[in-house]
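One structure is given here, and the rest of the page talks about it.
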Amino acid sequence: MGLDKAKSLLEVSDGNSFLDLIAKQVGSMKTAHGVDVKFMLMNSFSTSADTLEALAKYPELGTGADLEFVQNKAPKVTKSDLTPAAWPAQPGHEWCPPGHGDLYPAMLGSGTLDKLLSKGFKYMFVSNSDNLGATMDLKLLSYFAQCKAPFMMEVAARTDADKKGGHLAKDKTTGGLLLRESAQCPDEDEKAFQDVSKYTYFNTNNLWVDLVALKAIFDKHGGSIPLPVMTNDKTVDPRDKKSTKVLQLETAMGAAISCFDGAAAVLIPRSRFAPVKTTNDLLALRSDAYTLTEDFRITLAPERAGVPPNIKLDGRYKFVDAMETVIPEGAPSLIGCKSLAVEGEVAFAKGVVFKGCVVVKNSGEGLKTLQAGTYGSSDSDEKVVIELATKAPTMDEVWPAYEAKMKAEGLTSAAVAAFKYNLGVLVSGASTMIPESAIAPVETLPALESLT
């Protein structure tokens, strides 16, 4: 998303960032349950300072090592020869986070796991900071404790909007559950991977972990946890596509489901899943398709019936600063929108409402603004394509230059008048074609030899 700060510091709703809402969620949980719910962040080496500074206004959450542990960093691998990537201009680009699967070794290496166990903590609930629908739920905690599973994944029903995300599956060899991410899917299996009728559940990354069982996994494997490895193709400088091609070796925390014997999964409503992975997600989240609950969760509006709008912005808007140029006066209304695609350089004026399936297209050069109004229909799945046409110039705008040019050339007033008429036809947009529908054949004419 082209961020130069932690994603959790992005504004989401009413001036609140992700972190603001998380802090308020924790406060709400403590009040509701009457207990001191322990809260911790796993930060990356690039987000720690920013997030701790932002959370300083919530001292009740804790400080320092009581509030965070830091994710490890991993060297980027040069794709051509597998040597450590070098980028002297910005050495920081030589490193990357090793994926959120590093949650487990980071907890072990920082001493956090042993500290929690020594204080009597047995169960841990984990969720992404960009998923404001996920809170510690007593019903789920009770179920997890009663079923005695060492690990439990919250899954939701897949829709077309989720077809590119990791899905739950069963290992044919062991019979256990596993998570398959898109990076682990061979090209020839992509169609099956995206078949939401075949693989019907996706991982929300809301996870429940038995800390005693997690410690046992580490002890069994000599201090490591055998998570599946994914390779991601990148460039060493993310914003410079001509920089050295590298591989980032990553793991996913949900993939731990295959490491625990007896791991379980539970189907949850969409209200517990409102993540932001792309600017498409962020645009939807800032719209009225989502609502802020009294306990500071972001959930889909009831009118959405559990299905988020499917947003697809032009590739030029994959970074947040670029996306915000599309909505200079706030997000459009998407509560009745099934899908929205934006093609070309476009901005939405205040008061734009989308319904049904809409494509907004600017095929020309320069920014075009879609004015306030309602576009599309909730009664049809047919795509409504809105072409933002370039404003045609007027004769008053273009004629003076031609008039001066022709007079300077010494052309007669008749020549000038003739060209002015011809140019006027062009500028007016009038068709210069003669269609078949406007004519008829000439039947007879007088012949020369018949003339007297």
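Backbone N, Cα and C define each Cβ position, glycine as well.
TrEMBL annotations: computationally assigned, not manually curated.
Positions annotated as UTP binding site by TrEMBL: Lys7, Gln71, Gly99, Asp130, Lys277. Other Cβ atoms within 10 Å of the Cβ of Gln71 (UTP binding site), summed over all protein chains shown, number 24.
What TrEMBL records for His100 is substrate binding site. The Cβ of His100 (substrate binding site) lies under 8 Å from the Cβ of Met42, Gln71, Asn128, Asn205, Thr251, Ala252, Met253, each of which sits 6+ residues away along the same chain.
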Pick out which of the binding-site residues Lys7, Lys277 has the most other Cβ atoms within 10 Å of its own Cβ.
Lys7
Near Gly99 (UTP binding site), how many other Cβ atoms are within 10 Å of its Cβ?
22
Within 10 Å of the Cβ of Asp130 (UTP binding site), how many other Cβ atoms can be counted across all chains shown?
21
